[in-house]
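The topological domain 'Cytoplasmic' feature in Swiss-Prot is assigned to 1-278. Positions annotated as region 'Disordered' by Swiss-Prot: 50-122. Annotation source Swiss-Prot lists compositional bias 'Low complexity' at 59-69. If you look up Swiss-Prot, you'll see 70-87 marked as compositional bias 'Basic and acidic residues'. According to Swiss-Prot, the compositional bias 'Basic residues' annotation covers 88-99. The feature domain 'J' is assigned by Swiss-Prot to 137-201, with sequence analysis given as support. Positions annotated as transmembrane segment by Swiss-Prot, on the basis of sequence analysis: 279-299. Under the heading topological domain 'Lumenal', Swiss-Prot lists 300-401.
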Amino acid sequence: MTADANKSESLLCMDKAREAIKSGDTDKARRMLLKAKKLDPGQNIEFLTKKIDDMTNNTSSSSQTSSSRASEERSYAHDDHYDDPNLRNRKARSPVKKNGKTEPEPKQRSASRTPKLGVDYTSEQKELVERIRHCKDYYEILKIDKKASDDDIRKEYRKLALKLHPDKCRAPHATEAFKALGNAYAVLSDTDKRRQYDQYGAEAANSHTPTTRRRGGGHGAFFEHDYAHGFEAEFTPEEIFNMFFGGGFPTEQVRRRARYAQQQQYHHYEQQQSPYGPLLQLLPLIAIMVIGLLAQLMVGEPAYSLHQTSKFTIKRLTADLRVPYFVRTDFETSYRGRIRQVEQQVEDDYIQNLRMNCYKEQNLKETKLYRARWMRDEAMMRDAERTPLPSCIRLNEIYSH
């Protein structure tokens, strides 16, 4: 089981390396490749390593510019030490003197160095967290019915996970809600676990769950459930999120918090300078709503399908990974000049599906091995060891390409 887990982690590192190469982060790509090789010595990393070397050679001429930019960032980092409370206290004890009189420091500088106090979450985020904490079952968490398809489950998880991830949502109990959401997706996206969950139901599970706690009182009381309901997921909510999105939030955590602090300082300064501060703060939200509305109006039918349908009948292969996909008869005319971008999206979707299916296959195999060891059944053990892993094999082929 440990070897299978290491191979699974190795595949995830290979996927992160591929994403880092696409974004131009060669240092991160090398780290991920070395980690993948360490987890699985049989992993083939030569192709991607050569790709990184080629990228490094092509960008060597811009190294001086990168060095000067790094020096500039270090100077800013040095300037950030002024946020240290001890330094602020020293400056407060040593006021500026002019003509024998003590003068306070400029307000503008003080305001820019003072962190903004108060909550850093929206009412919408708080309402979302509270809604999930009050849910009685997994279907209610994802806001779907019991006949929802796998696509519906993935769609709702994607939408809610981006809103609830701890790096983005800092409302009270957000971590608890994020864990509940991850466990709901892990159970409902697995055919066997979903069937068991539907069979026993949330109420039946609660009657055997010792971690259910009473909250509130009177008619307004609610139960804070153990969201596992006896169907605990093999992966943590963070691992599920990384499987689904390729680890997007964790890699950006530091930079996003820095941008957030800068934005808060800027808004604080703007509020002091302009009476229209509250209105200006609403402008980004209004812009996002308008852009979202326009995007909904402009969205048409997808350009391709990974499966042949009555509309998508023409089979094509991507230029890089030779992934099969299907398009309409007018595809080349409608997407002239954009075919490369479409094929990139095809490969991204294909790899994401393989990654999720590989985790499920590994999970199924590990479950069979565990049951065989628990029952001490050699026949079951042999059957578990022969469990096919087609998605994992295909991922290995792609990374060896």
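Along the chain as shown, the residues are counted starting at 1.
Every residue, even glycine, has its Cβ placed from backbone N, Cα and C.
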- the domain 'J' (137-201), counted residue by residue under DSSP: helix, strand, coil: 46 helix, 0 strand, 19 coil
- Quick one: average pLDDT across the topological domain 'Cytoplasmic' (1-278), no decimals. 66
- Message: Treating G and I as helix alongside H, and B as strand alongside E, what does DSSP give for the topological domain 'Lumenal' (300-401) in helix, strand and coil?
- Response: 59 helix, 9 strand, 34 coil
